[in-house]
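Working notes, beginning with the structure itself.
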Amino acid sequence: LGLCLAAPRKSVRWCTISPAEAAKCAKFQRNMKKVRGPSVSCIRKTSSFECIQAIAANKADAVTLDGGLVYEAGLHPYKLRPVAAEVYQTRGKPQTRYYAVAVVKKGSGFQLNQLQGVKSCHTGLGRSAGWNIPIGTLRPYLNWTGPPEPLQKAVANFFSASCVPCADGKQYPNLCRLCAGTEADKCACSSQEPYFGYSGAFKCLENGAGDVAFVKDSTVFENLPDEADRDKYELLCPDNTRKPVDAFKECHLARVPSHAVVARSVDGREDLIWRLLHRAQEEFGRNKSSAFQLFKSTPENKDLLFKDSALGFVRIPSQIDSGLYLGANYLTATQNLRETAAEVAARRERVVWCAVGPEEERKCKQWSDVSNRKVACASASTTEECIALVLKGEADALNLDGGFIYVAGKCGLVPVLAENQKSQNSNAPDCVHRPPEGYLAVAVVRKSDADLTWNSLSGKKSCHTGVGRTAAWNIPMGLLFNQTGSCKFDKFFSQSCAPGADPQSSLCALCVGNNENENKCMPNSEERYYGYTGAFRCLAEKAGDVAFVKDVTVLQNTDGKNSEPWAKDLKQEDFELLCLDGTRKPVAEAESCHLARAPNHAVVSQSDRAQHLKKVLFLQQDQFGGNGPDCPGKFCLFKSETKNLLFNDNTECLAELQGKTTYEQYLGSEYVTSITNLRRCSSSPLLEACAFLRA
C-alpha cells in the first residue's frame, strides 16, 4: 500500500471554470481513457483566477488562459508559465500570435505620435488590438492622470471623433460619433454595428469615416485581396515612421500571443501535460473523431476549455516565461493602463541598464547614484538572461560583444551606439562621429613555448573569454570548424576554460571560479578567468597554453599597466601572437598577425527605445566619459580597474553607427555567416526561444 501511495500521479488535473466546462472535461476524461492515452481528471473552480491560485498551490495542474491572464498568472506569487500555445489559421499559415497594427491611408501625413485630434476606428472597447494595445501605447500622449479617472473620458477628448463599439455612448458620445449603426444599434457590441470587429474597424477607415484603424495584421489582406488596393494603405510604427502593410513584423504596436496552457514553473509536470495535449489533438483534434471534439463546444457555450477556432497546440520552449511569451510592447501597453501618468512618464524617462553578475551590478549602482536615477539597474547572472530582460521590457539596454549582438538581433533587438577606441589617425573626426574600426581577434601564447603554432594547437590547453563571444569563441572556433568540420571542440583541446560551457565538461576544466572557488565557469566576472583580462590571466598563470583575446588585451595587462598581484610583474615581451600562416609575431604586431577583425561591442535595445537611449547615453558620457568633468572625480563610465565592467576600459566614447542600424548591417555579412555556420555546433536556449517567438 505504501508503494501505491508514493507512486506519482499520472493524471493531469485540468481546471474548469463553469458547469459547462466541467461537463466537457468529464467527456474529455472518458474519451482519453477509451484510447488509453495519458489520463486527465477535472478540478471544479468558478473563475480563471481561482484556477491560477489552485495550480500555484499544487491543487490543479493546467488551464488555458488568454494573454491578459497569462500576464497575471506569471506574476508573484503564482509564477506560472505558458507550456503550450493554441495555433490558429490566418491566411493559410498556422500562427500562435497575431500583430496589433495601426492602419492609415497613404499620404495622410501624420505619425503615431501625432494622433491627437484625428478620427479613430476601433474593433471594440476592451479588446486587445482595438483598444488595450493602442490606448496603452498612446498612454503618454493622453491627458489622463490614471485610475480612478475614467479612461474612456480621456480617449474621447484625445481623438476628434471615434467609433469604439461597446463604449458608453451616452456618457461619451464622441466615442460613438463615427459609428454607422442605426438607432439602438449605433455603437453596439456586436455586428449589428457595421463598424464592429476587425473588418468593421477597417471599413470605418476605408469609407473615410476615420483616419486610423486599430486592427490586426491580417485584416487588410482579408478585406483587400488585391495588392493594388492594399498599396493605398500603410502602417504606423512605434518609432514614428510608416511602413507598407506587409511589413507588420517590423512595424506593429504589439504582438498579441494566442491563448496558452499554463502550469507551475517548478515541478509543473509539463512533459505529462504535453503528452496529454499531443495525444488529445491526434485523437480528437480537427476532423478526427465524431465521438468527442477537443475544439468544439455547445451552441450555448463557446470556447470551453480551449478556443473553438484553435487548430491544435504547439509546445512552448522551456526558456520562455510569461514575460517573454507576451513580449515587451504588450507588457508595456498593459502596464500603461494600470499606472498613474506620473509613473508612466517616470518609466519612459528612465533608462534601465542590465548588469551581468555582482561586480557589474556594483558599478551600475554607482552610475545610477551619480546620474540622479536617470539610469536605473537590473541584473542577471548571464548575458543571455540580460537580453531576455530587455525582451520583456524589464531592462532597456546593455553593451554586448558581437557574438551576443547576433543573438540579440535574432531576438529582435537593434544596435544603438558602438564603443569607439582611440584612433591611430590624428586628424580623424571627433570620437562620436568616427566610424568604429573594430578590433583584432588574436591568439596569444607564452614566448617560452617556442614550438607552438596555429597548426599545432590540437591537444593543447585553451583560455577563452566566454562561449559565444567574438574574439575568443566565434572567430577561433569558426576557423577550427572550417578546418576540421567537427563540432567537438572539447576533443580538439585537452582542457579549456570557456565560461558559459557545461561546468562538468573539459571546456570548464581550467576555470577557477571566484576567490572562494565558487561559480566556476560562470559567464560573468565571478569567474576569475572570464572576459579578456580573465582569459589572459588563465594564460599568464600557466593554466592554459593559448589565450584567445583581442589585440590590446596583452598591452593593457603587462609592463605595470595592471597592478593586481597576478599581473604586476608580467612583461609584454614574454608573450607572442600566433599567425594563421603558422608563424609567430610580437604582440605589438597584431595588425599583420590576427585571426580576424571583429566588430566593436555595441549597446542594444528595443527599436522604439533607441532614440531616447541615445539621448541619455550622450548626456551621461559627456559627464562621466574619459573627458567628462566628473571623471575621475565622481565616476568614470569607461573605467573599472581593467575588468571591462559594463563597457570596455579602452573605450573612448560611444559612437554613432554610421547608418548600420540592424544587427546584420552592423556585424557585416561575413561575420553573420560565420556565426550562423558555427551555431550548428551548439544550441542557445535563448536563440531557440526567439526562433519560436518570431516564427
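Cβ from N, Cα, C; glycine included.
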ASN372, ASN482, ASN514, ASN600: which one does Swiss-Prot list with PRO436, TYR666 for the D-glucose site? ASN600
So Swiss-Prot lists ASP66, TYR198, HIS259 for Fe(3+) 1; which of TYR78, TYR98, TYR172, TYR233 goes with them? TYR98
According to Swiss-Prot, which candidate in HIS594, HIS601, HIS612 joins ASP401, TYR439, TYR532 at the Fe(3+) 2 site: HIS601
Checking Swiss-Prot: of CYS354, CYS411, CYS431, the cysteine bonded to CYS386 via disulfide is CYS354
Based on what Swiss-Prot records, which one of CYS166, CYS176, CYS179 is disulphide-bonded to CYS163? CYS179
Identify which of CYS166, CYS176, CYS204 is listed by Swiss-Prot as the disulfide partner of CYS189. CYS166
Based on the record in Swiss-Prot, give the one of CYS251, CYS653, CYS681, CYS690 in a disulfide bond with CYS487. CYS681
Which one is it: of the recorded positions ASP66, LYS79, HIS259, PRO436, ASN600, whose Cα lies the shortest distance from the Cα of THR465 (hydrogencarbonate 2 binding site)? ASN600
By a 10 Å Cβ neighbour count, the lowest-scoring of the recorded positions SER265, THR465, ASN600 is SER265
CA-CA, which of the recorded positions LYS79, TYR198, HIS259, ARG469 lies nearest SER265 (active site, nucleophile)? LYS79
Residues near the hydrogencarbonate 2 site, THR465, ARG469, ALA471, ALA472 excluded, by Cβ within 8 Å of the Cβ center? ASP401, GLY403, ALA441, HIS464, GLY466, THR470, TRP473, ASN474, GLY531, TYR532, ALA535, PHE548, VAL549, LYS550
In whole Å, how far is ARG469 (hydrogencarbonate 2 binding site) from TYR666 (D-glucose binding site) when you measure between their Cα atoms? 16
Arithmetic mean of per-residue pLDDT over the domain 'Transferrin-like 1' (12-339): 93
